[in-house]
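Report on one structure; see the data block that follows.
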Amino acid sequence: MELIGQFSIYLGFFLSVWALISFLIGIRKQDQRLIDSGKGAVLSIFILASVSTTLLLFLLGTSDFRFEYVASYTSTDLPMVYKLVALWAGNAGSLLLWTFFLAMYGAMVAFSKKMKKNPMTPYIVSIMLLNTIFFYFILSFVSNPFDTFPAGEVPAEGRGLNPMLQDPGMILHPITLYLGYVGLVVPFAFAIASLIMKSMDAFWVQMARRWTIIAWAFLTMGNVIGGWWAYTELGWGGYWAWDPVENASFMPWLTVTAYLHSVMIQERKNMLKVWNLSLIIISYLLTLFGTFLVRSGILTSVHSFAQGNIGQYFLMFFSFMVLLSLYILMSRYHLLRKDSGQFDSYLSKESSFLLNNIILLGGTFAVFWGTIFPIVSEAIAGTRVTVGVPFFNTVMSPILLALIFLMAICPLIAWQRASVKNIRDNFLIPALISLAVLGVIAAMGVRDAYPLISFTVIAFALLTHIVEFIRGTKARQKVTKENVAVAFGCLMYRSRRRYGGYVVHLGVILIAFGIVGSNFDAEQLVTLQEGDTLEIENYVLTYESLDQRRDGLNDIVYATIAVEKNGEDVGYVTPERVFYANWEEPSTNVAVRSTLVEDLYVVLSGWEEDNRATFQINVNPLVSWIWIGSAVLVLGSLFAILGGRYGQSVPRYAGPQRKVH
Amino acid sequence: MIKRIVLVLVMLLTVGANQVLAETYDMNHEKVAEIAGHLSMEGHSEHDLATCSTKYNYYNEIADMLNEGYDKDEILGEYKAMFGEEGFRSPDRRGFSLTAWVLPFVVLGAGSYAFYVRLRNNVNAQKKNGENEPADVKIDQDAEKRAEDDILRSIIEEEKRKHF
């Protein structure tokens with residue numbers, strides 16, 4: 001087993017190097033045989049990465065403690081599903097998963113039908129191979145998941161998996177996040193390949209579009225599932241704690257969001273070529289930077305992955321890719337500036353898109369600056385300050401609010417040049433209704449400026465999008481004479497890209513609604529006797545009993561609390577504390593009773609011998625809308641790239657011709 | 001003598017009334033949470049109050065200080081004296097730490113200004129070019145239902161792509 005594992009890693013490294021060399025020489029000599037050899041190697045790398053990953057899963061599943069990685073992250077009593085997810089619980093395993101995804105994306109691009117006869121393919125795959133080589137290097141020489149204990153030192157039992165990680169979130173969060181992170185290599189490779197080939201049109205943008213949206217959707221899912229996990233898993237601070245590692249995955253999300261908007265301007269008006277290339281390069285570099293943050297341990301984070309000197313290697317690779325990208329971009333700058341379109345007026349869809357980009361990048365910078373500020377401050381002022389939630393909330397709230405406001409305007413504003421009449425016709429009714437919403441919220445007793453403005457802007461954004469759907473349906477009805485339902489359905493399906501984008505916007509609006517609402521939470525920490533009641537908001541909770549049960553080797557202490565809402569019985573909640581046989585620290589299972597209006601969130605904090613128990617009880621308004629909005633957002637993005645006849649068509653390559661492909 | 005008794009009674013009543021009127025704080029009080037929200041609590045600020053004893057102690061300490069008559073600024077001042085800037089969850093708004101707060105908005109401002117300059121240059125250049133444009137083109141650019149036409153155009157484009 002050890003031999004197969006080690007062999008698959010080393011051979012993977014060797015083949016990655018071979019594939020890159022054969023591509024480079026093949027491109028230089030325009031030799032199709034070498035290119036085909038490289039492609040064969042890419043397929044072999046994918047097969048080898050699959051073998052390594054499957055083998056490690058098998059070793060984890062069978063608790064083969066001869067392997068250091070298996071002994072470090074599993075134990076015999078661990079449920080099978082968590083034995084398997086231990087694949088990405090540690091450094092070496094997660095790097096193997098990363099390499100597997102990288103190899104998978106590489107093979108998908110190299111053997112994609114749409115890439116057939118495309119002279120960009122060898123260039124794109126070469127760029128991706130640079131990453132594969134780096135990851136295989138780390139796996140081979142720095143953090144090998146198949147390292148074994150010396151003979152005679154094999155432990156009889158493994159250390160087990162941190163109970164915090166024994167959660168359904170652990171199954172989905174890392175996988176989706178990695179698919180997003182690694183997926184951004186693909187559009188980056190397309191961008192760099194187009195620069196190297198001096199193919200300055202929007203071909204690469206069109207070809208990379210699906211890849212980018214897929215990566216973005218996975219990144220979104222990864223972040224949201226992480227938030228949901230944090231919300232239900234105690235000690236991680238609500239659903240978003242602005243932890244450096246959370247920030248690391250949020251930053252590329254922001255820049256890719258900016259890119260997805262600005263490429264529309266390039267496709268339509270041949271503008272912003274340098275800007276778009278820069279955005280996709282920055283997005284990719286931010287994924288490397290994020291990985292460096294996670295693996296180096298230079299910042300305190302709840303996601304501890306730091307091990308040995310691995311951060312140095314990531315820093316070196318990051319620096320190399322920064323220099324390479326900058327060099328290639330600058331060397332083609334003069335070509336990119338040629339034939340570039342211009343803005344026609346101050347007020348147009350393209351100018352509003354670019355403003356949206358600036359705000360998104362401003363937000364990215366704010367997150368980046370806040371994340372690294374402790375290090376900067378220590379280096380310059382000698383004080384390692386904490387940059388936590390209050391800072392990010394203060395700085396990011398106006399930025400994100402401005403973004404939602406722009407999101408409200410962008411869909412309804414005309415391309416090229418918007419007239420005052422256009423603006424008045426499109427925005428007057430939504431603006432008036434939003435002001436009415438403001439009045440209603442104020443009448444409900446909300447006096448703080450921030451939620452008042454936020455809810456008004458959110459209502460405005462929602463209304464402008466509804467108006468856009470109505471206008472689109474009407475416009476289609478005019479042409480096709482279809483009834484409303486058919487016109488609406490066809491409008492959506494035929495213009496999937498456009499309306500998928502609007503559905504994504506609706507998702508963002510719902511998320512914003514949830515986030516603003518959740519700030520009106522109520523919290524109590526109380527100690528109750530059995531039979532005692534507690535009132536919080538419109539709930540009455542009766543603490544009925546404290547009991548204990550056994551789950552495998554673990555002991556679970558749980559409280560039963562009857563819940564009344566507005567005088568009506570609505571059932572029970574049972575917050576728990578779990579005591580593990582193989583882990584010192586107990587963990588807490590929160591009881592969440594979730595509705596569209598609010599979440600009742602109960603934590604069992606502690607108890608006495610006489611069964612008095614201490615509970616933390618929160619009523620968190622509108623949190624469900626964050627998860628609903630996220631689902632809408634992901635569905636919208638998938639809808640936007642849905643196949644169909646048009647989806648199968650391939651843009652025509654018009655760049656420099658090559659003999660090899 | 002009567003005057004003295006009345007004076008003592010008045011004083012006792014005043015003190016008593018103050019005692020009754022003074023708000024008592026416990027760890028569930030909003031003000032406690034608000035003050036605690038500023039503190040890093042030795043890295044425990046992101047932990048859950050229910051399960052973190054450090055955070056629990058901080059909350060109780062703040063409630064006690066409020067009950068002793070300290071106000072928010074005084075309490076934060078106490079922590080500042082004890083731990084300095086590192087005791088807080090966000091950087092100071094003075095000295096080098098001020099850059100943490102200001103720089104994002106400076107960058108955003110600079111970006112917006114650069115965007116405005118580019119827009120202005122483009123628009124001015126377009127205006128110069130447009131001086132020779134026929135009048136009907138200008139009228140068309142201000143057409144009433146431009147956005148609706150835009151949707152129509154995109155529908156037609158999609159249909160064309162589908163059929164041809």
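Cβ atoms here come from the backbone N, Cα and C positions, even for glycine.
The structure displayed is predicted, hence computed values, not measured ones.
Annotated domain 'Cytochrome c assembly protein' per TrEMBL: A:88-296, in sequence order. Note on the domain 'Cytochrome c assembly protein' (A:88-296): its mean pLDDT in the predicted model is 91.
According to TrEMBL, the feature domain 'Cytochrome c-type biogenesis protein CcmF C-terminal' maps to A:315-642.
According to TrEMBL, the feature transmembrane segment maps to A:6-28 (among others).
As annotated by TrEMBL, transmembrane segment applies to A:40-60 (among others).
Annotated transmembrane segment per TrEMBL: A:123-142 (among others), in sequence order.
Cβ atoms under 8 Å from those of the transmembrane segment (A:208-230) belong to residues 109, 167, 169-170, 172-174, 176-184, 186-187, 190-191, 236-241, 246, 249-250, 252-253, 256-257, 259-260, 263, 280, 626-627, 630, 633-634, 637-638, 640-641 of the same chain, restricted to positions at least 6 beyond its ends. Here TrEMBL flags A:208-230 (among others) as transmembrane segment.
The transmembrane segment annotation in TrEMBL covers A:250-265 (among others).
Annotation comment: TrEMBL describes A:310-330 (among others) as transmembrane segment. Counting same-chain residues at least six beyond the ends of the transmembrane segment (A:310-330), those with a Cβ under 8 angstroms from any Cβ of the stretch are 91, 130, 134, 137-138, 142-143, 192, 195-196, 274, 277-278, 281, 284-285, 288-289, 291-292, 295-298.
What TrEMBL records for A:351-375 (among others) is transmembrane segment. Within the same chain, residues 242, 244, 247-248, 250-251, 254-255, 257-258, 261-262, 264-265, 272, 275, 279, 282, 286, 293, 298-299, 343, 345, 384-387, 391-392, 395-396, 399-400, 402-403, 406-407, 409-410, 413 sit at least 6 positions outside the transmembrane segment (A:351-375) and bring their C-beta atoms closer than 8 Å to a C-beta of that stretch.
Here TrEMBL flags A:395-415 (among others) as transmembrane segment.
Look at TrEMBL and you will find A:427-446 (among others) tagged as transmembrane segment.
Long-range contacts of the transmembrane segment (A:452-470) within the same chain: residues 401, 404-405, 407-409, 411-412, 426-427, 429-431, 433-435, 437-438, 441-442, 446, 488, 491, 499, 502, 505-506, 509, 512-513, 516, each at least 6 residues beyond the stretch ends and with a Cβ under 8 Å from a Cβ of the stretch. Sequence annotations record features per position, and here TrEMBL assigns transmembrane segment to A:452-470 (among others).
For the transmembrane segment (A:502-520), same-chain residues at least 6 beyond its ends with a Cβ under 8 Å from one of its own Cβ atoms are 238-239, 400, 404, 407, 411, 451, 454-455, 458, 461-462, 465, 468-469, 620-637, 639-640. Summarising the annotation, TrEMBL assigns transmembrane segment to A:502-520 (among others).
Here TrEMBL flags A:622-642 (among others) as transmembrane segment.
Residues 34-35, 37-39, 41-42, 44-45, 48-49, 51-52, 55, 99, 103, 122-123, 125-126, 129-130, 132-133, 136-137, 139-140, 144-146, 658, 660 of the same chain lie 6+ residues outside the transmembrane segment (A:6-28) yet bring a C-beta within less than 8 angstroms of a C-beta in it. If you look at the transmembrane segment (A:40-60), the same-chain residues 6 or more away from its ends with a CB under 8 A from one of its CBs are 1, 4-5, 8-9, 11-12, 15-16, 18-19, 22, 67, 69-70, 73-74, 83-84, 86-87, 93, 96-97, 99-100, 102-104, 106-107, 110-111, 125, 129, 132, 145-146.
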